[in-house]
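Asks: Okay, these came from Swiss-Prot:
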- 8-81: domain 'KRAB' (DOMAIN)
- 215-237: zinc finger (ZN_FING)
- 243-265: zinc finger (ZN_FING)
- 271-293: zinc finger (ZN_FING)
- 299-321: zinc finger (ZN_FING)
- 327-349: zinc finger (ZN_FING)
- 355-377: zinc finger (ZN_FING)
- 383-405: zinc finger (ZN_FING)
- 411-433: zinc finger (ZN_FING)
- 439-461: zinc finger (ZN_FING)
- 467-489: zinc finger (ZN_FING)
- 495-517: zinc finger (ZN_FING)
- 551-573: zinc finger (ZN_FING)
Amino acid sequence: MALPQGLLTFRDVAIEFSQEEWKCLDPAQRTLYRDVMLENYRNLVSLDISSKCMMKEFSSTAQGNREVIHTGTLQRHESHHTGDFRFQEIDKDIHNLEFQWQEDERNSHEAPMTEIKKLTGSADRYDQRHAGNKPIKDQLGSSFHSHLPELHMFQTQGKIGNQVEKSINDASSISTSQRISCRPKTHISNNYGNNFRNSSLLTQKQEVHMREKSFQCNESGKAFNYSSLLRKHQIIHLGEKQYKCDVCGKVFNRKRNLVCHRRCHTGEKPYRCNECGKTFSQTYSLTCHRRLHTGEKPYKCEECDKAFSFKSNLKRHRRIHAGEKPYKCNECGKTFSQTSSLTCHRRLHTGEKPFKCNECGKTFSRKSSLTCHHRLHTGEKPYKCNECGKTFSQELTLKCHRRLHTGEKPYKCNECGKVFNKKANLARHHRLHSGEKPYKCTECVKTFSRNSALVIHKAIHIGEKRYKCNECGKTFSRISALVIHTAIHTGEKPYKCNECGKGFNRKTHLACHHRLHTGEKPYKCNECGKVFNRKTHLAHHHRLHTGDKPYKCNECGKVFNQKAHLARHHRLHTGEKPYKCNECGKVFNQKANLARHHRLHTGEKPYKFNECGKAFN
């Protein structure tokens, strides 16, 4: 005796997800799920259209006789026997339902389907079905063909169910070779237990477990599993952008892109982070943001195993390994691996500084520079050293500071092998070898290898001395000079020589003094070969060869090759005698004269004549 048989319905190949499973799907997977379900529904419908005589025997448990029922009405009939009401809204009247696919999900855990409109169907169709054992009228005529709805998803009773949306007018145009349904990859809902075992037509359709990529683009040759994906792809070649923004006129090839774009004008940010409350205009942006809280970094570099939380960051990182720099500056030809770096670089040519500080009005070419600058006003120092507890306003400064603890010096000079803990220090050092002086004074055309040296030099022209000593009122053009000067009043000498215990108020003075003990003279004159233990001494000596006397007296016009000589000479005009003897109160205009005078009080006579042994002070 043959087993009871039932018609194949969409429920036989339906795929259902629970709410928890749905949350785990990303937007691309959800879109793919929808496309698969739509295609399966089309294929089942096409079987009825291409073979209108395809019927199946259904054994009625209530009447004991056989009824001939079409696929389109079986599911509606069975829902009343099984008591399954999840699909009754679909079954009332397939012509009187209208749904609209929402292009963008309301949030990350809601199902992407909202019922927009539902037209009331006839309530007495149930009675018409069960009035007797008459076969149900064929509902698959031309009217059904012109209004055949597509499948969509909606959330109900903890399941992602299936609903119907719009008409398929081209279902009959799908060839038999294209009507191969995709085998479900998750739990298949089959509440009726009726397998279409004896149907050779269905067996033929289900032989292929995975759909072949039978839909090929004529332009690019790319193949797709589903005709809907092919249609979306072909829009790229056609340049078709049918969705236009009413505000700015920008056009898009997908409605969901237009919906997301409109939020730029409205400022709408419907997606909110539960951790920090930050809102976003796109669900993808919220998903990426959540990784900052979870620490998730799903994108990993195959070369160095470095992981990233954003796919775009991994793409940029890969260019480091490949050495790829696709973005080129049209002005100087310099290339960059990131378009943002090129944008910032272009501002060097244009002089554009679009980022302005609201506190002091200072402008910057980079937003990150403005952010760092703003911390000067707020005093914020969010970056803390775990070793010593020192805080910094910039992450890069903290990174450089950590190298003081570790002793790391990753930047090495290829010329002399000297190593540095900062990249900027290596760049400055390179200029010693190349002789490059990129910083030029606009007043006197003098050039410098360091920007700080240029800033100091400019103060000479404008006569600006912004830094004033609170003790004596003396002003300085550099804050470092003021700090050094302040030590004269305090008597502080924090730098101590380990050899003789002598103290100094400047670190450079200690370094120079240390060479007296070691005998080191690293500075050599290229003209005569004479060596010096101080760079300033070499510079003074070099002027003897060149005859250069850059220091001029404004009173008498006399010139000098050393700044100290000019200062000493200037006191002849002013009558200033800043050096005073603590013993007798006598004053002198030169420090050397005070030292000579001081020997009269001490009786010291350091200079001895070798012939007779007589000593002099």
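Residue numbers in this text run from 1 along the chain shown.
Each residue, glycine too, has its Cβ placed from N, Cα and C.
Tell me what's around each of these sites.
Replies: If you average pLDDT over the domain 'KRAB' (8-81) in this model, you get 54.
Helix, strand and coil content of the zinc finger (215-237), in residues and according to DSSP, is 11 helix, 4 strand, 8 coil.
Same-chain residues lying 6 or more positions outside the zinc finger (299-321) and placing a CB less than 8 Å from one of its CB atoms are 288, 291-292, 337-338.
Tertiary neighbourhood of the zinc finger (327-349): same-chain residues 316, 319-320, 365-366, selected by CB-CB distance under 8 Å and a gap of 6+ residues from either end.
Listed as Cβ neighbours of the zinc finger (439-461) (distance under 8 Å, sequence separation of 6 or more from its ends, same chain) are residues 428, 431-432, 477-478.
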Asks: Tally Cβ pairs under 8 Å between the zinc finger (467-489) and each listed stretch (355-377, 495-517, 551-573), then give the stretch with the top tally.
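Replies: Checked against 355-377, 495-517, 551-573; highest Cβ contact count belongs to 495-517.
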Asks: Would you kindly list the residues that approach the zinc finger (495-517) from elsewhere in its chain, counting only those six or more residues past its ends and only Cβ-Cβ distances under 8 Å?
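Replies: Apart from its flanks, the zinc finger (495-517) reaches 484, 487-488, 533-534.
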